[in-house]
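Visitor: I'd like to ask you about the structure that follows.
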Amino acid sequence: MEDFVRQCFNPMIVELAEKAMKEYGEDPKIETNKFAAICTHLEVCFMYSDFHFIDERSESIIVESGDPNALLKHRFEIIEGRDRTMAWTVVNSICNTTGVEKPKFIPDLYDYKENRFIEIGVTRREVHTYYLEKANKIKSEKTHIHIFSFTGEEMATKADYTLDEESRARIKTRLFTIRQEMASRGLWDSFRQSERGEETIEEKFEITGTMRRLADQSLPPNFSSLENFRAYVDGFEPNGCIEGKLSQMSKEVNARIEPFLKTTPRPLRLPDGPPCSQRSKFLLMDALKLSIEDPSHEGEGIPLYDAIKCMKTFFGWKEPNIVKPHEKGINPNYLLAWKQVLAELQDIENEEKIPKTKNMKKTGQLKWALGENMAPEKVDFEDCKDVSDLRQYDSDEPESRSLASWIQSEFNKACELTDSSWIELDEIGEDVAPIEHIASMRRNYFTAEVSHCRATEYIMKGVYINTALLNASCAAMDDFQLIPMISKCRTKEGRRKTNLYGFIIKGRSHLRNDTDVVNFVSMEFSLTDPRLEPHKWEKYCVLEIGDMLLRTAVGQVSRPMFLYVRTNGTSKIKMKWGMEMRRCLLQSLQQIESMIEAESSVKEKDMTKEFFENKSETWPIGESPKGVEEGSIGKVCRTLLAKSVFNSLYASPQLEGFSAESRKLLLIAQALRDNLEPGTFDLGGLYEAIEECLINDPWVLLNASWFNSFLAHALK
């Protein structure tokens with residue numbers, strides 16, 4: 001069919017049809033019947049207008065080949081075939097110069113002799129059916145409708161056919177020829193059956209009974225009835241000037257609508273100040289694991305037993321010393337806390353039977369690190385409501401921080417593949433319905449792309465730590481319990497592996513409300529030297545605790561092993577969300593699924609297999625200062641997952657605000673990209689709302705810098 005269209009129609013018509021389809025996101029190579037229909041419709045519109053002129057005396061005449069110098073004006077203005085913006089411009093200018101009522105839909109032609117817009121229809125069905133659909137859709141007495149069919153029938157408003165017999169016969173003959181040409185190539189049947197009805201047929205919908213009473217009760221002020229309100233809404237010209245409309249609606253509103261052009265948006269202003277620091281609850285790219293493969297020791301699966309077994313795999317322990325102190329803390333206490341952990345683990349081993357949990361002795365260093373007895377005493381409100389100068393503490397404004405490069409590196413690392421698999425393919429029952437089959441297939445493909453991703457490791461690590469901490473907080477409220485930070489995975493060969501990242505010591509945890517805080521001290525292994533990016537580790541005290549032998553291409557090298565220690569805190573509600581981090585997998589799967597659905601609806605078949613198996617195709621991943629970054633479908637899956645995981649790891653009020661407010665600016669910029677001529681008012685206020693969220697959070701600052709890259713490239 002596509003070849004036929006390109007042979008049968010004038011190249012200019014073919015090009016216009018391709019442009020029109022692209023504007024609506026349709027592909028002429030796939031929707032070939034639609035392609036043919038658009039070309040046919042364009043050709044009929046051009047033939048309708050051909051040879052018809054208006055002379056100096058404003059009489060309508062037909063000139064097939066005459067004096068090219070005669071002062072003739074085309075009788076018909078052709079609107080069909082122009083892009084939407086241009087088409088509306090032409091329609092508006094005709095309405096302004098002639099005073100004709102503005103149509104609700106873009107018509108095909110304007111007749112300067114009869115002073116009316118014309119809607120041309122070409123149908124493969126009954127002309128009457130099609131005429132009614134058109135009339136129903138445009139609902140305007142003023143627009144003249146003229147329908148042609150491929151069988152030589154026609155129908156027009158009030159049987160007024162506008163053109164002379166001969167001109168109409170030319171059109172009918174051409175349509176009949178197209179039909180015969182299609183039939184001879186075996187294309188006609190498919191073409192005839194593919195015609196759908198007009199897309200926007202609105203029915204008169206009556207509301208009665210309770211719904212009607214509710215509708216009348218919920219009208220805006222100053223409207224007596226639903227009809228009265230409907231009439232007002234229908235008469236509300238969307239393309240009129242909005243300022244006037246706003247003042248019609250309310251006396252208090254005065255907004256100047258400014259057009260949003262490519263030059264309008266400025267980049268977001270990122271804060272100055274010292275570089276931002278790491279604030280996640282556990283180390284990400286800098287974490288180091290002590291691991292055991294194929295664990296089969298006694299008590300395997302009991303965290304404390306697993307932790308001791310992992311600790312025993314390492315032989316390079318040495319006398320710890322502080323290499324990067326915490327600016328504000330009492331650093332010797334952090335050092336003593338680590339020594340206490342080592343000593344108490346040693347004590348456990350000397351016991352006959354290893355206990356399932358370990359509560360640490362309440363030493364001075366731990367009391368200090370866990371803020372024991374530091375919280376002001378809570379007093380019942382009844383006892384102090386008469387105090388005259390009762391007031392809340394003054395709190396300092398947060399200090400601004402600038403974007404540091406480490407957070408982009410963290411994100412890049414989260415998108416990478418590790419050499420272990422972090423999630424198992426869940427056993428789900430047999431598929432029953434076809435839709436379940438597609439769903440399973442998508443889930444399996446997606447799982448294959450993300451199961452080895454570092455972001456998936458972070459999910460499992462987060463789920464484990466939060467579950468263990470919430471359990472201990474409820475089960476051992478008064479104890480300083482030692483909680484190993486553990487994860488489990490499978491190696492490439494399918495062997496099970498248990499990993500120890502370090503330890504947490506929990507403080508007192510009488511958590512009555514969701515937001516009550518439990519303090520904890522985290523101690524995590526790492527090979528990263530904190531002196532390389534000291535700003536990243538502002539909240540940590542870092543010790544050097546051993547030397548690790550690493551296998552490299554040149555043989556074994558010894559690297560210092562560090563312990564990152566800090567005081568931290570969390571709450572029941574944060575732990576609850578942390579335990580549910582697996583949701584990130586679902587969220588990113590749904591985003592991928594909507595991409596597959598978009599592909600499938602264009603091709604009119606399920607594209608899951610092609611989508612994941614066509615390795616040559618690249619997809620947009622995100623914006624960077626270099627432009628739009630592209631990558632394989634696997635990379636897209638992992639990037640979406642990493643974004644979702646970081647939204648969870650770095651959740652904060654700043655992120656909530658930035659996401660909600662920047663989305664508005666994003667939508668405006670996308671509308672401009674799609675040539676929808678957006679208008680805005682109080683753009684300055686929107687910028688203010690976005691920028692008040694850019695304070696010191698590393699993930700928010702990184703998102704803001706990505707947003708600036710998007711603005712720069714999207715509006716070039």
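From the backbone N, Cα and C atoms, a Cβ is placed for every residue, glycine too.
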Visitor: Per Swiss-Prot, which one of H41, H52, H74, H297 shares the Mn(2+) 1 site with D108, E119, I120?
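Guide: Matched candidate out of H41, H52, H74, H297, per Swiss-Prot for Mn(2+) 1 with D108, E119, I120: H41.
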Visitor: If Swiss-Prot is the reference, give me the range from 124-139, 156-171, 412-427, 588-603 marked as motif 'Nuclear localization signal 1 (NLS1)'.
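Guide: Of the candidate stretches, Swiss-Prot labels 124-139 as motif 'Nuclear localization signal 1 (NLS1)'.
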Visitor: Could you give me three numbers for the motif 'Nuclear localization signal 1 (NLS1)' (124-139), the DSSP helix, strand and coil residue counts?
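Guide: The motif 'Nuclear localization signal 1 (NLS1)' (124-139) comes out at 12 helix, 0 strand, 4 coil.
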Visitor: Find, among the binding-site residues listed as D108, E119, the one whose Cβ has the highest number of other Cβ atoms within 10 Å in the structure shown.
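Guide: The largest 10 Å Cβ neighbour count belongs to D108.
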Visitor: Under DSSP, is H41 (Mn(2+) 1 binding site) helix, strand or coil?
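Guide: H41 (Mn(2+) 1 binding site) sits in a helix per DSSP.
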Visitor: Restricting to the motif 'Nuclear localization signal 2 (NLS2)' (184-247), what is the model's mean pLDDT?
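Guide: That stretch averages a pLDDT of 72.
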Visitor: For the recorded Mn(2+) 1 site formed by H41, D108, E119, I120, which further same-chain residues have Cβ atoms within 8 Å of the site's Cβ center?
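Guide: Close Cβ neighbours, site residues excluded: V44, C45, E80, P107, L109, I118, G121, V122, H146.
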Visitor: Near E80 (Mn(2+) 2 binding site), how many other Cβ atoms are within 10 Å of its Cβ?
Guide: 22
Visitor: 10 Å Cβ neighbour count around I120 (Mn(2+) 1 binding site)?
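Guide: Its Cβ shell of radius 10 Å holds 21 other Cβ atoms.
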Visitor: For H41 (Mn(2+) 1 binding site), which residues in the same chain are close in space, meaning a Cβ under 8 Å from its Cβ, but six or more apart along the sequence?
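Guide: Expected: E80, D108, I120, V122.
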